[in-house]
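Look at TrEMBL and you will find 296-359, 370-427, 431-491 tagged as domain 'MIR'. Per TrEMBL, transmembrane segment is recorded for 58-79, 127-147, 153-174, 186-203, 209-228, 240-267, 575-597, 611-634, 640-662, 674-694.
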Amino acid sequence: MLGFLQHPVVVTAEVNLNMVALTAVGLLSRLWQLAYPRAVVFDEVYYGQYISFYMKRIFFLDGSGPPFGHMLLALGGYLGGFDGNFLWNRIGAEYSSNVPVWSLRLLPALSGALSVPMAYEIVWELGFSHCAATGAALLMLIENALITQSRLMLLESVLIFFNLLAVLSYLKFSNSQKHRPFSPRWCFWLVLTGVACSCAVGIKYVGVFTYLLVLGVAAVHAWHLIGDQTLSNVRVLCHLLARAVALVALPVLVYLLFFYAHLLLLYRSGPHDQIMSSAFQASLEGGLARVTQGQPLEVAFGSQVTLKNVFGQPVPCWLHSHQSTYPMIYENGRGSSHQQQVTCYPFKDVNNWWIVKDPGRHQLVVNNPPRPVRHGDVVQLVHGMTTRLLNTHDVAAPLSPHAQEVSCYIDYNISMPPQSLWRLDIVNRESDTDVWKTILSEVRFVHVNTSAILKLSGVPLPDWGFRQLEVVGEKLSWGYHESTVWNVEEHRYGRSQEQKERELELHSPTQVDISRNLSFMARFSELQWRMLTVRGDDSEHKYSSTPLDWVMLDTSIAYWLHPRTSAQIHLLGNVVIWASASLATLVYALLFVWYLLRRRRRVYDLPEDRWLRWVLAGALCAGGWAVNYLPFFLMEKTLFLYHYLPALTFQILLLPVVLEHVGDHLCRSQLQRSLFTALVVAWFTSACHVSNMLRPLTYGDRSLSPSELKALRWKDSWDILIRKY
């Protein structure tokens, strides 16, 4: 029975020494003196703020991308024991002793280092030689821009890592498909493809381009699978379902998981709260939640409320009025009603309070029991501090003449009676009898006399309106727009009929305790929408550039300058690699079109298996470059050189593929192949030489004289050579 113990347990493993060596040198190039410089470098000032928020559990909103990348950087801070106490306000500021610089930069550096052996694996899985695979990895290793970007607390190297992981996982899955479909290995690589795609999107929105590329290639392969007559219908259906679950459903679930963790970690109120809805703010600890704790849930006749505009653009603001009136004559010569101004004010103020009045009664207090206001009810809104009614009439708004002016009515004893009746329209109601609820209900106010809808135009008023935002009555309002939607943020039941007592009551705390918790999906939906719609800073930057500048390497970025010496770090690419990669992409496109035309004429220059390998390499590498580069021509945002790095990575993968193809298929004689090999060796030597020349600007560990710095700028050197000769 114990005979199996008579023989030793033997485990054999194949070790690819190329992979081991490439991984080792990749780690060395990215981790060497990683904590230097011990100062804030370029966009570290931007990401560092969010890391501090994570450490302190404070909610923030970043419109540049989903939270997964920020959480990875924060994980480095957590592992290093960072407490979040550092003022991220200046590039070049020295880090204090409590900032674990090495830990904060570790994950981007590991991502950059592991991208080197991953490039090897991708080219090998595409069916090309170990020599081509090693070439791709070495180019990734020595490319200066990739080294610089991966050694700092930035996200591009992490994005590149997951882009490559998604492509590599799909290639391994596709190759497993040929031998053992539905095996554990097959399932592992398929699932990892979906997870890697979701992670790429979770780092930055531009990761969706690689995800769509992988989906497109998978769709083509699935289409061919459907036409495979050797497979039964059930087998084909299982294949399609597996791909749909792993490449569509799973990435969505993982993406939601990122936000779930993000919202779970950030439960405290912070400086970015105001852009969110009142319901979202009330779900956070502190801030509005502290103000609204104990508010009545149902709005009743006599309730005192503040009304926040749901749109929140250009800034979050509340319906507001004050004693000042509209000028008799505007600057353009048009006349006004000279009524009391109504605006939207972006700050908390006692003049933001309104009383919900029953038009059929004079009292401004809540009955006992309260009479709740329901969808479709007609109400009047009384300004709390001036007791004047919210009003609109057929007078053009000051800055939006197509819309009606909104005011608080002043009786001037002229032929302009008040028109102060508004019908309540609960936009997110579940039935026509829904009650108006604090924070939760999104409502519109429809003017009974003119059918105009109370709307935030968002236009700042002139000095006579104190630069507050214009509020109008929009007559032509087809469909739903958030600028016409309001919600009650602060709410109390009015108990005082006398005005003096009521003014004191507006500042008193409420007594009724009603808890309201948003579901995760409601919070996710709002946060995702705000991320996609928040306006970023589109101003010009001294280092901003255009997509055309990237291809020609006609730009660079000074990341860091030593305050006392001339040592500095620049994001500057290796011109030999960048120019060669662009040339390789062009050569591939020309060869592909040439082969395609000849195949149409029944001339097959390549065997079928090599042709399919050539097409797949182009789809993933040239296609990866195109989908990660061309969309930037359509983006209206400030762009920098580092935006090109994901596209460059795919070009670098294509470069040794094209070189191997030219050497194997276009060089006919042995002499031609020998000459071509010599040229490739000379070219790679020059790339290594340029990489070594740029090393002081990549690592920033050596002082440079002005002449040395100018010599390292390839365009300046080229101009000097042209003038000399």
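Glycine is treated like the rest: Cβ placed from N, Cα and C.
According to DSSP, the domain 'MIR' (431-491) comprises 6 helix, 27 strand, 28 coil. Between the transmembrane segment (153-174) and the transmembrane segment (611-634), the number of CB pairs under 8 angstroms, six or more residues apart, is three or more, so the stretches are in contact. In the domain 'MIR' (296-359), helix, strand and coil residues by DSSP number 3 helix, 30 strand, 31 coil. Counted over residue pairs separated by six or more positions, the transmembrane segment (240-267) shares at least 3 Cβ pairs under 8 angstroms with the transmembrane segment (209-228), which defines the two as touching. Distant neighbours of the transmembrane segment (611-634): 122, 126-128, 163, 167, 171, 206, 209-210, 212-213, 216-217, 547, 550, 585, 588-589, 592, 595, 599, 604, 643-644, 646-651, 653-654, 657, 661; these residues of the same chain sit at least 6 beyond its ends, with a Cβ under 8 Å from one of its Cβ atoms.
Among residues of the same chain six or more beyond the transmembrane segment (58-79), those with a C-beta under 8 A of the stretch's C-beta atoms are 47, 49-51, 100, 103-108, 153, 155, 158-159, 199, 201-205, 255, 258-259, 261-262, 265-273, 275-276, 284, 527, 530-536. Tertiary neighbourhood of the transmembrane segment (186-203): same-chain residues 65-69, 72, 155, 158-159, 162-163, 165-166, 169-170, 172-173, 176-177, 180, 210-211, 214-215, 242-243, 246-248, 250-252, 254-255, 258, selected by CB-CB distance under 8 Å and a gap of 6+ residues from either end. Panel annotation: around the transmembrane segment (640-662), residues 115, 119, 122-123, 126, 128-129, 131-133, 135-136, 139-140, 143, 145-146, 149, 154, 156, 159-160, 163-164, 206, 210, 541, 543-545, 547, 549-551, 555-557, 571, 573, 577-578, 580-582, 584-585, 587-588, 591, 614, 617-618, 620-626, 628-629, 632, 676, 680 of the same chain, lying at least six beyond its termini, place a Cβ under 8 Å from a Cβ of the stretch.
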